[in-house]
Amino acid sequence: MSTKPFYRDTWAEIDLSAIKENVSNMKKHIGEHVHLMAVVKANAYGHGDAETAKAALDAGASCLAVAILDEAISLRKKGLKAPILVLGAVPPEYVAIAAEYDVTLTGYSVEWLQEAARHTKKGSLHFHLKVDTGMNRLGVKTEEEVQNVMAILDRNPRLKCKGVFTHFATADEKERGYFLMQFERFKELIAPLPLKNLMVHCANSAAGLRLKKGFFNAVRFGIGMYGLRPSADMSDEIPFQLRPAFTLHSTLSHVKLIRKGESVSYGAEYTAEKDTWIGTVPVGYADGWLRKLKGTDILVKGKRLKIAGRICMDQFMVELDQEYPPGTKVTLIGRQGDEYISMDEIAGRLETINYEVACTISSRVPRMFLENGSIMEVRNPLLQVNISN
């Protein structure tokens with residue numbers, strides 16, 4: 001029986017060396033005594049959760065963060081032993097499950113903590129207190145709520161507060177007024193807490209890269225870990241070169257010559273102005289290569305060539321400058337020769353952010369993990385295979 005990891009020549013390459021380099025540089029930037037929390041939610045922003053987590057931990061991260069309890073349990077089942085914080089809301093009836101898997105939750109309201117205490121019948125629940133300083137998503141907002149939290153902890157010794165944090169709404173923007181307001185508000189709200197015994201974190205990638213101090217004792221490193229800028233506004237403020245880890249590739253599955261006046265793809269929106277070589281690429285919007293990318297450049301033999309016509313669910317066509325043999329490599333995100341298509345370029349075409357592009361590339365696209373140019377592992381959820389070297 002074949003052990004080939006995938007049977008369609010479309011794949012993403014994840015450079016674990018790049019992730020390690022970004023983590024190592026960030027650790028040097030924030031200082032040896034500040035914890036680096038590697039954010040690997042949403043399958044590590046589409047890069048591969050367990051593989052990214054292991055690389056980050058090897059490079060100096062001391063703990064992990066995810067968005068939902070399911071992600072944390074998945075990491076535990078894949079063998080990750082490092083501390084894991086769930087940043088999002090977990091219904092209090094599941095706190096025993098979190099404790100079973102040694103997962104730290106976010107306590108985000110007085111009511112949640114009261115219910116969590118009711119459901120913690122044995123053992124203890126570890127949590128970080130979320131403080132809302134202006135994001136208005138999750139968290140306690142007032143000094144009174146903080147005092148109520150402390151009272152709940154006094155009455156419920158099974159509840160163990162291990163950290164406190166907030167999240168900035170505008171840390172990646174040029175205008176710093178709102179960001180600085182949140183920073184000051186955070187310091188005010190946490191003042192009554194026993195901070196000496198807590199992990200205190202407010203800086204995300206944007207704030208962590210921008211700030212020279214004020215990290216408290218932990219920084220959450222998300223988008224920057226993957227070598228992506230938090231925003232274009234920060235281009236001149238990043239203290240070291242971020243190295244992108246994600247590239248996306250396919251091949252020409254079919255090449256044909258169409259005559260002047262013939263059309264391509266649904267809606268017949270593309271019509272050849274002259275006899276033209278057309279290549280078919282087995283990538284479509286079901287893979288996360290969205291229809292709005294019609295007319296976008298891709299790379300073939302180091303040249304920028306444009307997608308012809310509408311993108312289909314599973315395939316798209318490209319206008320070629322000459323005949324190429326089927327099997328010719330195509331790069332959608334990444335480098336060929338002197339040409340480079342960045343995640344930011346694709347985000348610009350989609351009028352969105354690079355975070356969304358990375359998360360949109362679906363699990364139907366196998367991830368190939370490389371280190372120092374060598375393939376270390378290939379993960380294909382469709383075939384439920386992980387092949388390691």
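Just so it is clear, glycine is given a Cβ too, placed from its N, Cα and C backbone atoms.
Here Swiss-Prot flags K41, Y266 as active site, proton acceptor. Sequence annotations record features per position, and here Swiss-Prot assigns N6-(pyridoxal phosphate)lysine to K41 based on sequence analysis. Annotation source Swiss-Prot lists substrate binding site at R137, M313.
Locations of recorded Swiss-Prot features on the structure.
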{"residue": "K41", "record": "active site, proton acceptor", "Cβ within 10 Å": "19"}
{"residue": "R137", "record": "substrate binding site", "Cβ within 10 Å": "12"}
{"residue": "Y266", "record": "active site, proton acceptor", "Cβ within 10 Å": "12"}
{"residue": "M313", "record": "substrate binding site", "Cβ within 10 Å": "11"}
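The two recorded residues M313 (substrate binding site) and K41 (active site, proton acceptor) have their Cα atoms spaced 26 Å from each other. Cα to Cα, K41 (active site, proton acceptor) and Y266 (active site, proton acceptor) are separated by 36 Å. Y266 (active site, proton acceptor) and R137 (substrate binding site) are 41 Å apart (CA-CA, integer value).
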